[in-house]
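Scroll down for the structure; my scribbles are underneath it.
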Amino acid sequence: MDSGRDFLTLHGLQDDEDLQALLKGSQLLKVKSSSWRRERFYKLQEDCKTIWQESRKVMRTPESQLFSIEDIQEVRMGHRTEGLEKFARDVPEDRCFSIVFKDQRNTLDLIAPSPADAQHWVLGLHKIIHHSGSMDQRQKLQHWIHSCLRKADKNKDNKMSFKELQNFLKELNIQVDDSYARKIFRECDHSQTDSLEDEEIEAFYKMLTQRVEIDRTFAEAAGSGETLSVDQLVTFLQHQQREEAAGPALALSLIERYEPSETAKAQRQMTKDGFLMYLLSADGSAFSLAHRRVYQDMGQPLSHYLVSSSHNTYLLEDQLAGPSSTEAYIRALCKGCRCLELDCWDGPNQEPIIYHGYTFTSKILFCDVLRAIRDYAFKASPYPVILSLENHCTLEQQRVMARHLHAILGPMLLNRPLDGVTNSLPSPEQLKGKILLKGKKLGGLLPPGGEGGPEATVVSDEDEAAEMEDEAVRSRVQHKPKEDKLRLAQELSDMVIYCKSVHFGGFSSPGTPGQAFYEMASFSENRALRLLQESGNGFVRHNVGHLSRIYPAGWRTDSSNYSPVEMWNGGCQIVALNFQTPGPEMDVYQGRFQDNGACGYVLKPAFLRDPNGTFNPRALAQGPWWARKRLNIRVISGQQLPKVNKNKNSIVDPKVTVEIHGVSRDVASRQTAVITNNGFNPWWDTEFAFEVVVPDLALIRFLVEDYDASSKNDFIGQSTIPLNSLKQGYRHVHLMSKNGDQHPSATLFVKISLQD
């Protein structure tokens with residue numbers, strides 16, 4: 001039952017010095033402010049999955065003193081968070097480290113007694129995170145179940161009494177009536193000692209993890225045999241999985257990759273265990289493995305791509321009084337975001353600051369944000385990052401901004417047009433590793449050659465902070481001075497190359513040329529929706545050659561989001577959402593940008609790139625986009641669904657909703673029945689049929705909720721997949737958490753077919 005020892009042995013880490021130090025534990029200084037440093041004991045638990053932290057809170061619970069390795073986003077050495085940068089400058093960097101979590105919770109800033117202790121923690125955690133990520137689905141399942149067994153073994157005798165068995169089933173999120181639990185217990189208790197140990201626990205584990213639906217699927221493919229031959233596997237891949245590359249080569253590679261039995265592998269066969277390993281793997285996922293890498297043409301103009309974009313990136317919470325943080329930029333970049341917003345204002349000591357103007361959100365230094373962007377811009381993707389500047393600074397502080405941009409970003413910053421690219425927007429491929437500024441600019445694309453002098457007066461049209469239309473909102477923000485003119489420093493203007501901010505003056509027409517290719521307008525969600533309603537095709541055609549940025553309405557002071565789908569349907573590229581706010585809008589957003597290797601750029605369909613096209617998302621007619629498909633999805637079962645209530649006795653009642661997002665004609669939703677008291681292996685076996693007419697714009701969202709008859713259902717997990725990335729056949733859908741991180745073991749088992 002020692003899952004930790006199994007983990008260390010599996011990865012050859014049983015004698016690792018760093019991990020032994022973590023298992024022993026150590027006293028560390030926890031830092032919260034300049035006046036709050038407290039010594040606390042931290043220790044890696046034996047399961048190698050959780051960290052125990054000493055707490056002196058009066059209302060502490062055992063659960064509150066633990067955090068999971070799976071919740072860690074990153075471990076940073078030195079003064080590399082706002083907390084340590086502000087409050088631990090007196091301590092050498094080699095003793096400082098930070099644990100950054102995936103969700104919105106605070107970073108854990110720590111000081112070790114010595115550089116060696118800090119190294120043990122940083123290297124040890126890196127090793128566990130790396131090796132946990134490399135575990136296959138079966139290993140994760142085993143590790144998780146063994147961890148639950150260890151928790152249930154209250155007296156730590158490596159045996160399981162009937163009472164401990166009941167606790168174990170609750171840990172697994174399954175409610176079994178006592179008579180059935182007693183029946184399983186007796187079947188496995190071969191020694192008749194009224195407790196399970198060693199092989200008896202293994203027998204119980206096998207009985208628990210047996211999946212009837214996998215047995216049935218395997219029997220369909222193997223007939224009466226105990227294994228699949230290469231020919232049988234090829235037939236399954238062709239007829240059920242609809243794999244384009246189905247053939248002996250693919251079958252043999254799957255056997256080599258997933259078959260655990262060396263005997264079967266040598267005989268070029270796949271056992272049921274190997275079959276399950278394949279179905280749980282990336283090859284058996286409902287999301288196309290080929291689309292997990294960059295596969296699209298990256299050589300087209302920027303305006304031909306959807307761009308993952310964040311609104312008011314600096315905010316961690318609401319738009320009126322929440323905190324601003326450099327961590328928000330890091331989180332967005334790590335999620336593949338390629339367009340960030342910087343709302344710049346004059347700060348004290350001649351240092352520009354970033355915050356949501358006219359509100360009470362906290363303030364951060366412009367230079368600190370640039371350093372965070374420099375360090376993280378290209379960790380998740382090599383393709384260009386666009387910094388959307390909302391500039392409210394005086395000339396003097398604009399020049400400080402320009403100096404910081406030059407000094408901190410250096411050669412990353414694009415500060416002149418690319419050679420030979422002066423008539424159209426460059427491509428993501430041409431701009432790899434580059435950071436572009438979007439903002440006000442004096443003159444045209446090329447340097448003005450002295451025209452206009454060192455500064456000029458231009459109209460500021462993107463003052464989103466002043467767009468607080470609602471009276472209730474206006475009463476809660478600071479008074480906006482009456483000023484609609486901005487004096488722009490030449491030094492800052494010259495750094496804006498291909499993304500010059502302009503007022504939208506209407507679509508181009510004969511005799512009215514409209515915007516230059518390097519000029520772009522921003523639209524509130526409401527204005528964009530009006531343009532789509534009044535001139536859908538005009539907006540689509542405008543977006544073939546020009547970038548358009550969409551941002552949330554001013555009344556969304558709670559940082560809520562609008563649906564990005566309608567904007568994408570109109571060809572809008574920079575559809576900015578509040579990344580800090582989880583919900584269905586961000587689920588769909590993350591699903592769209594999971595495509596093309598999650599690089600932050602997704603090529604628009606051909607009909608949204610045609611300057612003479614006739615597509616209108618609000619008045620759908622026949623055209624090259626019309627490709628009627630019949631989509632059948634059978635939701636068969638769920639696996640290891642997480643608890644939503646921290647109450648240990650609470651078991652989920654899961655239901656699944658399958659949603660279609662796309663053009664209005666394709667939008668649809670279907671629901672399964674509710675399965676009571678079973679989050680471990682619920683069974684639905686329910687089929688849904690959908691008709692989709694514009695598949696290139698459709699996304700499929702699988703939503704799993706805990707049903708509640710008296711209030712709103714609780715979110716359990718979801719996965720959103722572009723229809724063009726959806727694989728056919730028997731597949732596992734790997735569920736994501738509320739914050740967009742993948743659950744380690746939670747899946748749906750489905751069968752998918754897509755026909756013309």
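Glycine residues also receive a Cβ, built from the backbone N, Cα and C atoms like all the rest.
Since the structure is predicted, the reported quantities are computational estimates derived from the model, not experimental observations.
Quick look at what Swiss-Prot annotates:
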type     : residues                       : note
ACT_SITE : HIS311                         : active site
ACT_SITE : HIS356                         : active site
BINDING  : LYS438, LYS440, SER522, ARG549 : substrate binding site
DOMAIN   : 296-440                        : domain 'PI-PLC X-box'
CARBOHYD : SER191                         : O-linked glycosylation site
CARBOHYD : THR193                         : O-linked glycosylation site
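One residue stands out among the recorded positions SER191, THR193, SER522 for having the most other Cβ atoms within 10 Å of its Cβ: SER522. Taking the C-alpha positions, the distance from HIS356 (active site) to THR193 (O-linked glycosylation site) comes to 67 Å. Taking the Cβ of HIS311 (active site) as reference, residues of its chain lying under 8 Å away and at least six apart in sequence are, in sequence order, GLU341, TYR551, PRO552, ALA576, LEU577, ASN578, PHE579. Spatially close to ARG549 (substrate binding site) yet at least six residues away along the chain are SER309, CYS339, SER388, LYS438, MET520, ALA521, SER522, PHE523, CYS572, GLN573, ILE574, VAL575, ALA576, judged by Cβ distances under 8 angstroms. For the domain 'PI-PLC X-box' (296-440), the model gives a mean pLDDT of 94.
Rounded to the nearest whole angstrom, the C-alpha distance between THR193 (O-linked glycosylation site) and LYS440 (substrate binding site) is 79. For HIS356 (active site), the count of additional Cβ atoms within 10 Å of its Cβ stands at 25 [all protein chains shown]. Using a 10 Å radius centred on the Cβ of LYS440 (substrate binding site) and all shown protein chains, the other Cβ atoms total 24.
In three-state terms derived from DSSP, HIS356 (active site) belongs to neither a helical nor a strand segment and is classed as coil.
Across the residues the record lists as binding substrate (LYS438, LYS440, SER522, ARG549), the two Cα atoms farthest apart are 14 Å from each other. In this structure the alpha carbons, written CA, of LYS440 (substrate binding site) and SER191 (O-linked glycosylation site) are 80 Å apart.
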